[in-house]
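The following features are taken from TrEMBL:
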{"type": "DOMAIN", "residues": "324-453", "note": "domain 'Response regulatory'"}
{"type": "MOD_RES", "residues": "Asp386", "note": "4-aspartylphosphate"}
{"type": "ACT_SITE", "residues": "Asp771", "note": "active site, proton acceptor"}
{"type": "ACT_SITE", "residues": "Tyr859", "note": "active site, schiff-base intermediate with substrate"}
{"type": "MOD_RES", "residues": "Tyr859", "note": "2',4',5'-topaquinone"}
Amino acid sequence: MVMVDEIPFPAEIVTKGPLLLFGQGITDVEIHFLQIKYNAIGIYLEKDVIQHLERWKGKNAAELQEDEHFFAALVSAPVEKLFRIVAIKEIKGSQYAVQLQSAVRDRLASVDKYEAEEEEALEEITSFFQSKYFKKDSVVSLRFPATSKTAEITFAMGGKEEAKIEVENANVVQMMQEWYLGGPTAVSPSTVKNLSEKFEGKPDDVLNPKKKQLEKITPFDLLYSQRIVYNAIILAPPISITGTARDLAAANNVDKNYEAAGEDAEVSFLGFVIKHFVLFVISTYKIISLIYHHSSLFDMAAASCSPSSPGSDLKGESDGGELHVLAVDDSVVERMFLERMLKKSEYKVTTAENGTRALEYLGLLGGEEEGTLNKADLKVNLIITDYCMPGMTGYELMKKIKEISYLKEIPVVIMSSENNPTRIEKCLEDGAKEFMLKPIKQSDVKRLSCHVKSFKRPSPGRLLFAHFVAISSGHRHPLDPLSPSEISTIRSIIKSSSLLSPAPLGFHYVGLDEPDKHAVLSWKSDPSSHPLPPRRAFAILRSDGQTYELHIDLDNKSIASHRRRSGVSGHPMLNMDERNAVLALPFKYAPFVDSVKKRGVELRDVVCSTLTMGWFGEEQDQRLVKMQCFVTGETVNLYMRPIEGITMVVDMETVEIVEYEDRVVIAMPTAAGTEYRASRQLPPYGPRGKPVVVTQPVGKGFTFEGNVVRWANWNFHVGFDSRVGLVISVAGVGNGKDDIHRSVLYRGYLSEVYVPYMDPSEEWYFKTYFDIGEYGFASTSFSLKAGIDCPHNAEYMDGYYANGDGSPVLLRNAICIFERYAGDVSWRHTETLIPGRIITESSEEVSLVVRTVYTAGNYDYVLDWELKTSGSIKLSAGFTGVLEVRATDYNHVEEMIGEQHGTLLAPNTIGVFHDHFLTYHLDLDVDGPENSFVKANLRTVRAEGGTTPRKSYWTVVSETARTEADARIAHNEARPGRASFVNPG
């Protein structure tokens with residue numbers, strides 16, 4: 001076994017035939033003069049590769065290392081190759097994919113081989129890695145068969161193959177090999193150097209590696225066996241030991257032919273395995289300090305229970321009073337990772353390998369309805385279980401728990417790697433507190449606190465009942481957003497109600513019905529003596545052509561009030577279901593098909609979008625939208641290629657086109673130069689700086705308690721709403737010396753984004769969008785990604801919203817929170833007036849950022865709430881994305897006649913003038929709820945009376961608003977002023 005940064009690589013791997021380890025090394029990056037290692041690499045080749053490299057025999061390592069022709073011959077050699085990449089540092093699969101994609105793309109572009117086929121192949125690879133997470137010791141294998149110009153990529157974690165993809169594009173396959181075997185330009189110089197040294201005139205060292213003697217295989221070697229067969233020996237029931245011996249020998253490169261040696265060899269090796277298994281157990285304690293941080297498999301072995309004990313595969317519990325979680329998963333790797341995260345959050349943990357073991361531990365012996373406890377002082381505060389398990393699913397386990405009187409109040413959380421909406425809804429409806437998607441993160445574990453329950457200590461013997469109360473540390477916050485189980489409950493209440501028409505229901509908004517502010521503040525001041533405010537929800541629905549507003553009492557599971565709204569008072573925001581339902585209409589509408597053909601465009605290259613219309617005096621009772629279509633094909637930047645001259649109106653209720661006019665044919669802007677995907681960019685590229693990385697050597701400075709965030713001198717609540725997105729509530733700032741926080745903001749969020757375009761023409765006049773009110777935040781948002789939307793030191797929070805059917809939808813990583821340091825100075829002063837001394841003091845500006853990103857058509861909005869230690873909150877909105885343009889027949893500005901309502905950006909392309917107005921809802925409580933709004937204006941004062949040589953000076957004149965009308969401000973840059981909220985007390 002060859003160790004690369006404590007990662008084991010066997011000297012030989014067998015696929016269709018034996019492959020030998022010809023080179024190994026690492027990939028790393030320099031951060032603040034330190035080399036941070038990311039991956040360990042092993043290059044495996046057929047031994048026949050030597051025959052194709054004869055001309056380089058006798059060359060020294062330095063010469064080979066710089067010889068591009070040598071590595072080109074290595075890549076083209078018709079032998080099987082396998083590159084084994086093992087994660088040293090945890091990274092996202094998307095990060096690895098971006099590196100691979102960029103490297104392969106650049107190599108292809110440099111030899112003019114980057115075409116649409118190559119781009120498609122690279123996008124498939126990127127998509128394959130996008131959802132993966134490289135935990136430590138995760139393995140990516142790139143296998144290149146000798147007989148075809150293809151590649152097989154596999155991803156494995158915990159010794160189990162998770163996914164596989166085949167790459168059939170020969171050009172991409174070649175450049176993937178060159179990325180690792182590209183000589184001076186390869187991704188890992190240490191691997192290239194090591195491989196060159198192996199070929200330095202003595203390749204026989206590789207072909208005939210020194211054999212390990214069986215009696216010298218150490219427990220450490222067993223622990224790192226490439227096939228992880230000892231896992232079966234230690235943790236599983238009895239199996240065929242001879243088969244295991246054969247695998248173990250192959251994994252450790254034992255030169256023994258079992259097929260020829262017969263039964264005696266197997267028996268002999270059986271003795272060896274038994275002997276060294278005993279040695280392994282005895283030596284465990286001695287090697288724990290050496291390998292604990294480098295082998296999750298050791299944790300699995302050390303955590304096992306005695307097979308003979310009633311609680312086999314269950315971790316024992318301590319006698320302390322900490323909260324106790326029972327974690328159930330059939331995967332030993334998943335159990336180990338989950339246990340680590342739970343313990344990191346200071347839970348006591350017991351693990352079970354399946355539902356039967358979990359029920360045994362909970363006291364269900366012999367299937368009794370009121371089972372006998374097998375531990376007199378058993379306390380389980382929460383159960384988290386995998387869904388897919390053999391014998392008994394997590395859902396079935398939960399149902400059994402809910403059927404037992406003394407177990408039914410224990411909160412159950414179900415987790416799964418499959419995002420199956422029907423399954424999720426069923427679990428939540430039948431009693432699961434939450435449904436989490438794997439991989440489970442530390443932030444997910446922290447969120448469990450709101451579900452945890454605390455027992456009164458039961459008496460020994462038969463447990464007849466248990467009384468549960470919510471503990472203070474897991475107390476639900478009255479402003480917490482609706483959980484998925486609550487959304488499912490709301491759906492069930494509404495669908496079972498007789499108040500609404502039996503016609504199909506369309507859910508347009510489901511959110512928290514904000515509780516009374518005074519009740520919230522009273523509870524917050526002393527949760528032990530003030531009850532939680534009533535838990536209510538607010539929903540907007542469409543049924544039988546009518547809009548309904550409902551208030552749902554979640555405590556009593558009933559509809560508290562409802563009313564019907566007419567179209568005169570407005571319409572609800574569009575939901576994704578109805579928007580998607582009308583997208584296919586144009587392609588079945590003969591006049592539109594004819595219009596497309598008339599413009600010389602292929603129908604398969606056309607995509608359409610639903611656009612809200614504003615209101616300009618048309619019929620108010622109808623819910624109408626307009627549709628605009630674009631051309632893709634040669635570019636994904638569809639907004640740069642609009643089909644102009646067509647008006648198409650759709651009735652959202654009848655789902656039909658009710659108005660159509662093809663007014664004029666206008667030239668189509670070219671696709672050239674509009675592509676924005678990095679994979680389609682060709683050299684020369686723009687400037688590229690070196691990586692800049694923020695490190696936090698002692699960890700992050702903020703903590704979570706449910707949805708409450710604590711950082712520096714700040715304490716605030718983070719929520720998520722399907723319409724407005726991020727909500728910051730009850731934010732207070734302290735002096736840093738005690739836990740007393742003075743209020744700053746009760747509730748704040750972005751309430752609307754108004755975007756009117758300034759073109760009054762037939763196809764553009766209606767474009768006056770209310771992005772938040774007409775489309776909603778959640779339906780236009782996507783999961784934030786580390787290194788793209790948020791820095792790598794960010795933590796994430798998920799969001800939930802209801803889809804058009806009312807079912808809960810998970811928006812993973814909807815919000816990110818991170819500490820920002822950009823080299824700014826918070827405060828500084830240098831004093832030189834004191835004789836003989838120069839005094840300089842300063843403090844760096846570190847702030848906490850809470851961020852969301854949403855996409856409204858062509859625009860992407862990056863929205864930040866930045867909290868500073870000075871007590872201020874800075875709101876930032878970054879507008880990015882792509883332009884939405886109007887097609888024109890003009891090619892040059894000199895041709896333009898009259899007002900064009902925009903700028904000619906390129907031939908046939910006008911960027912239309914428009915605005916973005918952002919409206920924030922800010923309920924400020926500056927040091928308390930009684931605040932005044934003060935306008936302070938600068939006024940010039942003439943110096944009179946001869947008391948000063950000055951002719952004039954300025955002063956501040958303040959005016960306190962007494963009505964809302966008084967608070968209106970007319971912005972005038974010529975008359976500077978300031979507006980502020982103050983506490984007059």
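Backbone N, Cα and C define each Cβ position, glycine as well.
No curator has checked TrEMBL annotations; they are predicted automatically.
Overlay of TrEMBL feature records on the structure.
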| residue | record | DSSP class |
| --- | --- | --- |
| Asp386 | 4-aspartylphosphate | strand |
| Asp771 | active site, proton acceptor | helix |
| Tyr859 | active site, schiff-base intermediate with substrate | strand |
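Distance noted between the C-alpha atoms of Asp386 (4-aspartylphosphate) and the residue listed as 'active site, proton acceptor' is 39 Å. Residue environment of the residue listed as '4-aspartylphosphate' contains 23 other Cβ atoms, counted within 10 Å of its Cβ in all protein chains. Looking only at other Cβ atoms within 10 Å, the busiest spot among the active-site residues Asp771, Tyr859 turns out to be Asp771.
Note: the Cα of Asp771 (active site, proton acceptor) and the Cα of Tyr859 (active site, schiff-base intermediate with substrate) are spaced 10 Å from each other.
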